[in-house]
Amino acid sequence: MIPAVTDDDPLEDPLDDDVAPGLDDAEPEPEPRDEHDEPSRPATGSRIGGWVARRGSRFGKGVLDRCAPLSAAIGGGLALWLSFPPIGWWFTAFPGLALLGWVLTRTATTKAGGFGYGVLFGLAFYVPLLPWISGLVGAVPWLALAFAESLFCGLFGLGAVVVVRLPGWPLWFATLWVAAEWAKSTFPFGGFPWGASSYGQTNGPLLALARIGGAPLVSFAVALIGFSLTLLTAQIVWWWRHGHKPGVPAPAVMLPGVAIAASLLVTALVWPQVRQSGTGAGDDTAVTVAAVQGNVPRLGLEFNAQRRAVLDNHVKETLRLADDVKAGRAAQPMFVIWPENSSDIDPLLNADASAQITTAAEAIDAPILVGGVVRADGYTPDNPVANNTVIVWEPTDGPGERHDKQIVQPFGEYLPWRGFFKHLSSYADRAGYFVPGTGTGVVHAAGVPIGITTCWEVIFDRAARESVLNGAQVLAVPSNNATFDEAMSAQQLAFGKLRAVEHDRYVVVAGTTGISAVIAPDGHEISRTEWFQPAYLDNQIRLKTDLTPATKWGPIVQAVLVIAGVAVLLIAILHNGRFAPRMLRRRSATTVKR
């Protein structure tokens, strides 16, 4: 057990080495002297030199004292980044969070310091994670987004310093981590879940936990293991240094040991179910599906020509698939999935685009899910609102059911507060006028209910879950990554892997430029394309109907973790005296000693 704070604990000196240099060295009051005395005074230059030397010494000491935590915060953020694609060293997330935990549990770390170290950790994580944004809009929006997301890491750091005095702080740190990820996935403008720690685990064993609790439970396990490593390491190091002294208790390793063991045990219990689902065993119906990656022209074409060239490329690649089917080189697909924006020319209004798509559908003799841009209700030349849609295009009847994207991307597909932001940046005019659609998230092609999560939608937990609850037996992720780079596409593919395990469904990712893939319910890639080349995938999958615990109760799991984090934060605030000055509070023996 970790000892709690008692009333017998000595008060901590508030003026420790976390105080800014030079704030606690006021000059003493001069002693009274006779006015006839003629004391020898040092020269003015000497006094100034001494003053500068003292303050310089304190400043230097302060910098040296902070080198270790600053380096640890930066190193921790970089380690968490390494766990994400395209590098994908999933195991580095644990030492990354352990380093952050060490910084936040130092006795010298104040609440303001916790916020600052958290922001620094976040910057070291998000800046290298999101550089693909700069390819379209430049460095300023990329760095601004990285900083905005880092603020949530800062809020976590602030909360962590508040709760560190409570017994069992690694557990409370983990709940606060999940709460911070929920907050950044919700606010502002609908949130930005990109960078949730769960998505760095799609190549690791903890991915299995997505089946029972979704992305939040995976993030919780990552954080719990990481922060438990902080306490475990600190206790062992402290005991190594002081254990030879009489009366020194053994290190308190029970809590971190149990936390790590429990996480691994639950993972081991769930993995066999996940693995069995991915092998294709059972009575599930087997069907063949295809995904077409038509690719886009390189830079140099005028915008309208680019749109037409993209459509032509996808028609051409579908015709190649049809030829291979006739020649016996590929299996006949039941339906074909095209990427998002494969027809940016409105096929419901443009007869030529419609004819081209019909030609492709007739050639392959299967319905095609076409990613298109169509006019939305209320369209006017001054307000050119549109829907980002997926249309089921039948070989004989043409357009049928459609899914209008329900979660549209701020600052890309639409511009929040357009009247305000257009005065701040020339990039504002690049944002679209897309409006969210409505529906169940499911379309039917060849009698198969297909859940659609278009590009941006796949990173939000609710999108795929709604589709599966509404009967989807397979999930499709039409995506357009042509304006970004391969790193972004690799990161998005990780979201598809987690959704496959979370909902026990095959996931078919179709990208204009890649990476397209067919993902099994255990998260492994059955097939995939290379980046920036025309290609198609033609694979057999199984239609799944069972609902996982995460599908049924995932939001409840997240709510419990978030509420626990908020509740323990409130308890800690009351326990600490409502953010009273540090000289009036005591720190727990469980904090990491410097």
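Using the three backbone atoms N, Cα and C, a Cβ is placed for every residue, glycine included.
Here the structure is a predicted model, which means the values were calculated and not measured.
In Swiss-Prot this protein carries:
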- 1-67: topological domain 'Cytoplasmic' (TOPO_DOM)
- 68-87: transmembrane segment (TRANSMEM)
- 88-116: topological domain 'Extracellular' (TOPO_DOM)
- 117-134: transmembrane segment (TRANSMEM)
- 135-138: topological domain 'Cytoplasmic' (TOPO_DOM)
- 139-160: transmembrane segment (TRANSMEM)
- 161-221: topological domain 'Extracellular' (TOPO_DOM)
- 222-239: transmembrane segment (TRANSMEM)
- 240-251: topological domain 'Cytoplasmic' (TOPO_DOM)
- 252-269: transmembrane segment (TRANSMEM)
- 270-554: topological domain 'Extracellular' (TOPO_DOM)
- Lys405: active site (ACT_SITE)
- Cys455: active site, nucleophile (ACT_SITE)
- 555-572: transmembrane segment (TRANSMEM)
- 573-594: topological domain 'Cytoplasmic' (TOPO_DOM)
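The Cβ neighbour count for Cys455 (active site, nucleophile), using a 10 Å radius and every protein chain shown, is 25. Per-class residue totals from DSSP over the topological domain 'Extracellular' (88-116), listed helix then strand then coil: 22 helix, 1 strand, 6 coil. Cα of Cys455 (active site, nucleophile) to Cα of Lys405 (active site): a distance of 9 Å.
Cβ neighbours within 10 Å of the residue listed as 'active site', excluding its own Cβ and spanning all shown chains: 26. Within its own chain, the topological domain 'Cytoplasmic' (135-138) is flanked in space by residues 427, 430, 483-485, which lie at least six positions past its ends and keep a Cβ under 8 Å from the stretch. Counting same-chain residues at least six beyond the ends of the transmembrane segment (68-87), those with a Cβ under 8 angstroms from any Cβ of the stretch are 93, 95-100, 102-103, 106, 108-109, 117-118, 120-126, 128-129, 153, 195, 197, 199-202, 486-487, 490-491, 493-494. Per-residue pLDDT, averaged across the topological domain 'Cytoplasmic' (1-67), gives 51.
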